[in-house]
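Listed in Swiss-Prot for this protein:
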type	residues	note
SIGNAL	1-26	signal peptide
CARBOHYD	Asn316	N-linked glycosylation site
CARBOHYD	Asn392	N-linked glycosylation site
BINDING	Cys443	heme binding site
Amino acid sequence: MVFKMVMLKDVFPILVFLVALRLLKSQIAQWMIESIVTKLLQALNPVHDSLGKGISGPRWQYLNGQTLDKFLDGREKVQEWQKYGPVYRIWAGTTPEIVITKPEDVRAFHVDSSRHNKARSSNAGWLFHQLLGECMGLISGTRWIKVRSEFEPAFSHSAITMKAAEVSNDAQCYVNKLEKSRSSSFTVQAAEAVARFPFFCTATHLYGELSEEERNELWELGQRNLKMMGHVLSGGLFRFPIARWLYRSAVQDLESFLCDWASFNERIYKKKVGCGAKTPIVSAWKKVIDGDLTREEAIHTLSEILFANLDVATGNLSWLVIYLAANEDIQRQVVEEISQHRHELDHYCARKDTLLAYCVLETLRLRPFTAFSIPESSPNQKVLHGFTVPGNTSVVVNTLAINYNAAFWGDKAEVFSPNRFHSINRLALRYNLFTFGMGTRKCLGSHFAEMMMKYFAMHLLNRFSLHIPVEKDRSKAQTEDTSMSTWVPISDKEVALQKRTMGLF
């Protein structure tokens, strides 16, 4: 019986596709197929509470389940799916994912996080696996330990602290270029204006100094990667290996990108070895040559750090700029704080108890990089809000439900109010704030990301005052306004910059 169930799971996507090809000619036919498949999936993946009540959740959707909804429409779906209760189930293709929304369930799930496994390719299918499936953030067990041990030293708190002067210089140069190329007052699209800073700041940390030609090549590789992610986000048959034969042009683009991306890293490695540099790429690629890391583990992890996190870093930084522009009293207080610490700026940026640090934290709270966390599973059975979830079942955290939880954050949880952190014990944030992940698999780049955000904001405010353009409705400054073309909520707002007659430092 177990063998039959396993076989059914293996062939299920193919059966669904073949049946759908014959029947999917109307909305009624689609509804019938989705309803039947939902019932079958529920039977194959039973989850009940102590009274025998089955877990609820949205109906399976053709081929993709709720995968695209999670990535592209997460904030809206968070609201829509509230009706299913504090714990519910969605589908990634035909793979079940249990969604948890309460801090107590987050704690219950993560208590054994050191034994958790990330879902294969984030349950996103074949094409996603070709791009990122072997990256550090999506592998588990001894492989994860091996890859993380290679990249962790370069992103540890001590290592990042030593890079403070370089990050500050990069931020200053970026802002200076922005200032020189514009008039005394101008308006920019926030995400577009800041995107290249975190990208090239991270690239410099990985590779050391790059020539202008190399920087242009790297940016172009990033754009090609984003194009491939566009195919991932279109879903459908890109979820399955059959896409290799159905979409030859896209697959050729994929193969060309992967070849060029590996070639770029190998060339930079040889160049840096030749001049005696000891940048992270030298150590990482040496492990590839020695056979300690596979080529896929290396280039997928580098893709994760640079390309996948480009949208994440751009989103975080652009929302920080927007919130400062929309909350001018807070901006004024930050400006005063920077002026007071103008003789110890590196020490100031390293602190976690400043208003600037709280602005970064509040931005990450209000705008987590994704509405639903990367799926992971515990080998142990879990009881989540009364439902018994079998071991090795994918679980995701509804990050907005945690970060906007009125029981912890108060009635004005949706308001940008960084001073709220003055009175909150940081230990209390452990299961009440989702920023860079939770448990032992917390994002490796958290220290670097926070440092980039602080230095960029500091240098930007040194040269400019920020405002929401007067023709824009300020009442909409904190409403949903994001791009739908990326897998994280990139801001789609404008900010007005006014040059200061005199800098703060």
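Using the three backbone atoms N, Cα and C, a Cβ is placed for every residue, glycine included.
Location within the structure of each feature annotated in Swiss-Prot.
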residue: Asn316; record: N-linked glycosylation site; DSSP (3 states): helix
residue: Asn392; record: N-linked glycosylation site; DSSP (3 states): coil
residue: Cys443; record: heme binding site; DSSP (3 states): coil
Largest tally of Cβ atoms lying within 10 Å of a Cβ, found at which of the glycosylation sites Asn316, Asn392: Asn316
Pairwise Cα distance for Asn392 (N-linked glycosylation site)/Asn316 (N-linked glycosylation site) [Å, integer]: 32
Alpha-carbon spacing, Cys443 (heme binding site) to Asn316 (N-linked glycosylation site), which is rounded to whole Å: 14
